[in-house]
């Protein structure tokens, strides 16, 4: 076989120079070679081919140089292939499976020069001539199945000729493998297929080149779309289109509404719904009812004012007494009317100030208590009242107003049979009326007695309602439980009367302000002092009650004489200006809690939560503020006791989320009058700890004692509780806390209540060590004055009180402790063997 020779000479029309130096001089390749389209060289020399087969170097891939495109290759006479421009192009993908490309000498322009330079080879020339002749003969002879009948040569061209099968096998004896040329029709068909494939490949290459451009255009269009979307949204929010439009903006032609649009027809689709169906409370009706009640009360007050003015005009000026006399107006009135429902309270339990007190001046909200009891029979009672009213002096210069108290003695019959009493049967006496001293000296005053006849029951009830709702500010009512229904009952009632008008629906603060303003408008003098519950006269036993009214006058006279005159004539009492008005929500919540305390299954969880929250908020707002009024707290306590003893215990000891009760807050605010009222209730838990672990007794260390009453109050608190109780955090006692804060008065009170001075906290410290550490010399002296004080106790660090004082630099306290130690050592008791008697006996 001939050896394949690679010719590096460029094709015509391509840059570069062909040089013989491309062929090595030491190992020159044979001049005869055939190159395949993919750069493989086939050696035609048989011997060389056999040698390569043995060595395994039959096919070698060489670097393919770039050749010109189609049409650039010359068609020389030495080329038997008529379409060399298509078969020899390395850009064709279909030419990889084609047959051999036999290029003659005219294909390479320098082939002749190489042949002449290297030298002629007769063997190669004969092979070429033989191959040319065979090709011409085969082209002249018709061939029908050239492609199918040809088989590839087994001599080394299997890889390049297997797919085509152009060359028949050559006899091995000849030493040459000469391929047989295909037919012209087949070559033309192959050439057309390759040309079409090349065109298709070229189109695909052009389309591939357009892909980046199209991607760029697509990204540009997407960006424009995003900008247009943002611009469109901004125009929708602004409500008007922009004046300028960019070149790439999308123009949308939207139909515009006509200038004169047709009138749109509208209709209402609302539905009328009653508020009570929606669950909304009828506030308007409640306000209307409230206004009606206020108007009625105002009319009654105006009528009374007109009546008083008429009486003043009827009085003659010459009938007045001298200016030095006191003004006293006595009125005896017999009233008959239906019995009102009252809250019964026993006088056998509780302290003196807590027994059976009237709830009339506490507001109209207490009428809701009637719902908890059963139906009662309508009873008719008659009341004999001794009333002192206010009469302005008809002087030309000033008009002074005198405030008096109303003392009513009511005699009721439980049988329901009404009894009428004539006005003449009542013996009015001057001693039966309470004496009221004027607050300021009055220039001219006279004593008059006004006797009012018996009025109808309805009129008397209206008058009493006006008195109770408009002018009643404080009442103390004592009621005895009847042993027999036939036994008459007597109630003694003290009512402070003010001339002003108040609304029963107002709260305590509003009522207080309006009462004060009305008092100022009527006269320059403040109201008289109302007797406290302790100053009220004691009731007689029920067995000593007298059915007739003739003896009531002396009895009242004796009891009124027990009241000291200076107290009656003292200045204005702030208790008169306090008005308690229970809200309906608080009353309903208290009743609900009372039911729950009696029966835990009586309320649902939601109802219990609502009632508990309402009572907690109202009670904390009333009693836990720093400016809480003790009288208002006392009245609420009386109201709660009248409802139920369990309710009183529950409300007084109710705690907030931090575990603080009203007693905790009152002690912390140093509001000791409220503390006194809470302690007087008899149900206050004084040792209850909050979440921080402190009891009200421990919190007294933070309070400041201002008066002697405050000291007495904390003494009462200490006696009711455990003064040696420890806090849950550090184990400190009330004495340790008071010593640490330097409260000398509290320390004295605790020592007076026998507080233990030797109790140690979790660190082993005592109250004496706390005093030495903080440098409280006076408190140290108080602690050392206690005989049971042990100065030798040590803490966890092994330090005594003397060592603590020395470490803190308290030299004076250290000297006091040292002196106490020396005194103890000198007065220490001797043992038997050290006593003088034993020593003398031994001698």
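Each residue, glycine too, has its Cβ placed from N, Cα and C.
The following features are taken from Swiss-Prot:
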REGION    1-31  region 'Disordered'
REGION    1-72  region 'Interaction with AIFM1'
REGION    161-182  region 'Disordered'
REGION    410-577  region 'Disordered'
REGION    661-827  region 'Interaction with NCOA1'
REPEAT    606-643  repeat 'ANK 0'
REPEAT    673-703  repeat 'ANK 1'
REPEAT    707-740  repeat 'ANK 2'
REPEAT    745-774  repeat 'ANK 3'
REPEAT    778-808  repeat 'ANK 4'
REPEAT    812-842  repeat 'ANK 5'
For the repeat 'ANK 0' (606-643), DSSP counts of helix, strand and coil?
32 helix, 0 strand, 6 coil
Summarise the model confidence on the region 'Interaction with AIFM1' (1-72) as a single mean pLDDT, whole number.
52
Work out, from DSSP, the number of helix, strand and coil residues along the repeat 'ANK 3' (745-774).
16 helix, 0 strand, 14 coil
Counted with DSSP (H/G/I as helix, E/B as strand, rest coil), the repeat 'ANK 1' (673-703) has 15 helix, 0 strand, 16 coil
